[in-house]
């Protein structure tokens with residue numbers, strides 16, 4: 001199966017943030033080290049890790065934050081990928097990936113030896129990430145989009161760039177005015193450090209003295225489903241060379257008020273009169289569409305199922321987080337990236 005590099009990296013970061021002793025983290029770190037090796041084997045065939053550079057960079061960052069030695073070849077691979085502008089390959093957002101890999105570089109610089117000989121390359125890479133993230137700034141102030149901005153801000157916080165870059169205070173203001181967008185647990189975990197002027201690198205220096213065990217498991221609250229139902233029109237657009245019809249599906253679906261887009265897709269798949277089929281794959285941010293009407297979004301062909309609110313507003317939330325409005329038309333369009 002595919003390596004679970006990203007999940008193991010998040011687990012390792014969470015253990016350190018929760019002040020768990022190194023002994024508790026060692027089994028996870030050993031598995032993460034193995035996952036990084038397994039992940040890279042895919043590069044020989046695909047030209048990128050089996051997961052993607054985001055997860056690979058997150059794995060390197062987690063190892064560094066936990067103070068564990070990182071193979072020099074792992075650092076070399078990330079430096080080479082950043083130099084060649086490959087952060088967007090293998091799926092995922094280039095801005096998110098640049099930021100995570102930049103955080104890993106900043107962490108390795110801060111850690112010093114055994115990567116001392118790579119310090120000049122790491123410093124150059126940090127400068128390159130800095131410039132690239134600033135170029136990703138949009139007219140609305142975000143760096144990439146609203147959801148990639150927190151990780152980009154974490155990078156700038158970690159490298160003490162916020163006071164010298166006016167664009168970053170604007171990005172912070174844009175984030176503060178858009179907090180309602182953050183309902184996904186993964187997105188929230190990236191945003192919260194920024195609201196406190198921190199980054200994932202600060203996890204390494206948390207003082208755990210006097211910490212009592214106040215962590216309690218919480219059950220995520222499910223948004224209440226309101227009374228009644230809404231009707232959403234679901235439209236599938238697909239090139240004729242891949243589908244018999246350009247629009248193989250175009251029907252209305254009724255779901256309870258407050259339902260997610262995932263619930264809309266599930267309801268459509270259960271309608272007897274109109275055959276709608278889809279498949280999803282789990283990601284760090286929740287399920288994402290991989291197959292619609294038996295047509296797969298293939299990474300090697302650089303195509304994906306784009307989700308839009310008609311006529312042409314691309315949705316930035318995942319299918320489990322977005323809640324359509326009554327009468328809205330959702331378009332699933334097979335697109336190239």
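Glycine is treated like the rest: Cβ placed from N, Cα and C.
Record features, source TrEMBL:
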- 51, 52, 53, 54, 55, 96, 145, 190, 315, 337: cyanocob(III)alamin binding site (BINDING)
- 64-107: disulfide bond (DISULFID)
- 258-335: domain 'Transcobalamin-like C-terminal' (DOMAIN)
- 1-19: signal peptide (SIGNAL)
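Within the chain carrying the signal peptide (1-19), a Cβ under 8 angstroms from the stretch's Cβ atoms is held by residues 25, 28-29, 31-32, 35-36, 38-39, 49-51, 54-56, 58-59, 61-63, 65-66, 200, 203-204, 206, 208, 211, 215, 284, all 6 or more beyond its ends. Residue 64 (disulfide bond) and residue 315 (cyanocob(III)alamin binding site) are 34 Å apart (CA-CA, integer value). Counting residues per DSSP class in helix, strand and coil order gives 13 helix, 27 strand, 38 coil for the domain 'Transcobalamin-like C-terminal' (258-335). A simple way to gauge crowding: the CB of residue 55 (cyanocob(III)alamin binding site) has 30 other CB atoms within 10 angstroms, across all the protein chains here. Between the candidate binding-site residues, 51, 145, the densest Cβ environment within 10 Å is the one around 51. Each of the recorded positions 64, 107, 315 was scored by the other Cβ atoms within 10 Å of its Cβ; the lowest score goes to 315. Cα of residue 107 (disulfide bond) to Cα of residue 55 (cyanocob(III)alamin binding site): a distance of 16 Å. Looking only at Cα atoms, residue 64 (disulfide bond) sits nearest to 55 among the binding-site residues 51, 53, 55, 145.
Taking the Cβ of residue 53 (cyanocob(III)alamin binding site) as centre and 10 Å as the limit, one finds 28 other Cβ atoms among all the protein chains shown.
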